[in-house]
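Annotation source TrEMBL lists domain 'Plastocyanin-like' at 226-338, 518-616. Positions annotated as transmembrane segment by TrEMBL: 6-30, 42-67, 73-91, 98-116, 122-138, 150-169.
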Amino acid sequence: MFEPLFLTDMLLALAAIIAAVVTGGLAGRLARRPAGLRRLRFALYGTATLVVLRLAVAVLILTGGLALADSRLIVQVPLAVLPIAWALMAVRRHDPVMAAHAAAGGVLLSGVWLFIPFDPVIQLIVSVPAVGLSALVGRWRTGGSRLARLPWAAVVYLLAPAVVLGLSYQANVAAAHAGGHHGGSMDWGSGAMPHHAAQARSVDQLTGPRDKTPDARFTLTAARGKVRLGSGREIDALTFNGKAPGPELRVRLGSLVEVTLINTDVEEGVTLHWHGVDVPNAEDGVPGVTQEAVLPGGRHVYRFVPDRPGTFWYHTHRDAAETVERGLFGALIVENPQQAAHQGVEKTVFTHLWPRAEEAIAAFGTADRPSNEAVAAGEPVLLRLINSSEEPHRIHVGGTAYTVTAIDGNPIQGATPLTAGTDLLLAAGGRYDLAFTMPRSTVTLSIDVNEIPNTAALAFSPDGTAPPDTLGMGPLFDPLTYGTAAPAGEDRYDRAFDLRLDDGFGFAMGRFNYVSSSINGRLYPAVPMLMVSAGDRVKVRIANRSLIDHPMHLHGHRIRVLSRNGVPATGSPWWTDTLNVAPGEVFEVAFTAGNPGIWMDHCHNFKHGSEGMVMHLGYAGVTTPYTEDRIPE
Ligand code: C2O
Ligand code: CU
């Protein structure tokens, strides 16, 4: 519901900018030739209509909460409404020039700020003098000297966004020069800064057990290679141990796992990030924060003890927008030795978009064409779905009722069967475990990509020959109300943070970015580091005011969803590590700061990450010897 409103407002703002330019031009002309009053009046009425429409849209957006509407209500609406009201009154009197200039300036800037989501307070601070000045310039131009005839008002209007973009550039470059995370500013949220200095520690000290003998050892060797998809198409890929996706690692809960990463010839460099596993900070695989990227010929050893069973995955974290897409990822399954192993069929299924020059190829793993598999009727089936692509996938499941048994590796309490045909929305980076008993007929999984239905499809049938069914849109599974509630945990929080996600212009790593996704108006590295003390209970509100989905992923912690758009979560506790925040959604989530370090917190659409939608969560006293000379994605 909010996405169309955001879009409408964007179009109205663009129209208002044009109307403001026309109004300003007519006001300037009127100053010299007093004949154009009628035209100016028309222009003002037109502009005022657009302003009223924007006001109406802002009020509708406000129904979704102040977090969605605040920059409109605090800056954009008053900035347009007040001067236009003055101009409408003045136009009935003899000398409307001054007021018309002010109206043009106010409406113009009001529209422009929608596209430059830098600090609203700064927008306001530069706007008020700009509007005042443009009114004075309007009066002065009435004088009619040669000099006065130049378009001074336009210069004044344009100065304001130039100043704000300049500040945005300055903030970004200063943070980049200071080395990214350790030089950027800090945000302690609503809580106090700790009184006593926290124990000083380097990321390098926060390792997994280094002296014990590992229970399981793996080697993952990254190299360039080719991957053949089901259709026969070849992908210029990057592989682990010659495969993409890489080998599935199966480990046991509580065991010491050692993985040696070797990079043969991946020029970008490679790391291993254990997505969803709360490993010690030094094992987290973030280049420039927890280690240097492993360059061709190099190696790196990771050690950690998985503390929760479930479906996880690993992937490289250097230039991930290209390198993960090309294949540097694989499944990591943590088994619980206390629990009987799953009887029946168990299968890990990646939903992936393989890169190709024209258009990405959607696939279940490497199956980019409808494929089928034999599963005997009556068999219990467990599917571990992992979305390794950058887009959320709406997965259709047809032919059987099924149960979602886990989200991001976290078991669901009191999960009940969903009717056949229920769709799942899987966040980029997220996982769902699905269980059902194989019927005598066909079970189909399919995804739509770019509005093309059933782009990739997977069928299970007793004889393995049935083609997948063509599935349409079904009702959407909603974790907010699924399963049985657990007694509410404590709701005392030591600190709270507010994150607003916007589209717009800005600078990331000092480079100008055209329409990218910002956090509180900032792009990496200028997004302040969220600061906590060990043991803090932390609440975070995330409001998406942009036109695209942002799958937000915090490393090293799992978060619990408290509410969505003000509606409290009432199902089984919704624990997640990758939360898809759709346009217009406002989530409240909570976590316990129980894993000291410097942790990435970013959008798992790696394209957005590489454009600056990245920040860090820092613990008091923790420092890193590494430097981010580029975005750590
Ligand atoms: Cu799965 Cu920082 O990523
Ligand atoms: Cu995003």
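From the backbone N, Cα and C atoms, a Cβ is placed for every residue, glycine too.
Whatever TrEMBL says is automated annotation, not expert-curated.
Secondary structure of the domain 'Plastocyanin-like' (226-338) per DSSP (helix as H, G, I; strand as E, B; remaining residues coil): 7 helix, 48 strand, 58 coil. With a cut-off of 8 Å on Cβ pairs spaced 6 or more residues apart, the transmembrane segment (42-67) and the transmembrane segment (98-116) reach 3 or more such pairs and are scored as touching. Within the same chain, residues 9-10, 13-14, 16-17, 19-21, 23-24, 26-28, 30, 40, 44, 47, 50-51, 54, 71-72, 75-77, 79-80, 82-84, 86-87, 89-91, 123, 127, 130-132, 134-139, 153, 156-157, 160-161, 164-165, 168, 503-506 sit at least 6 positions outside the transmembrane segment (98-116) and bring their C-beta atoms closer than 8 Å to a C-beta of that stretch.
The DSSP breakdown of the domain 'Plastocyanin-like' (518-616) into helical (H, G, I), extended (E, B) and coil residues amounts to 5 helix, 50 strand, 44 coil.
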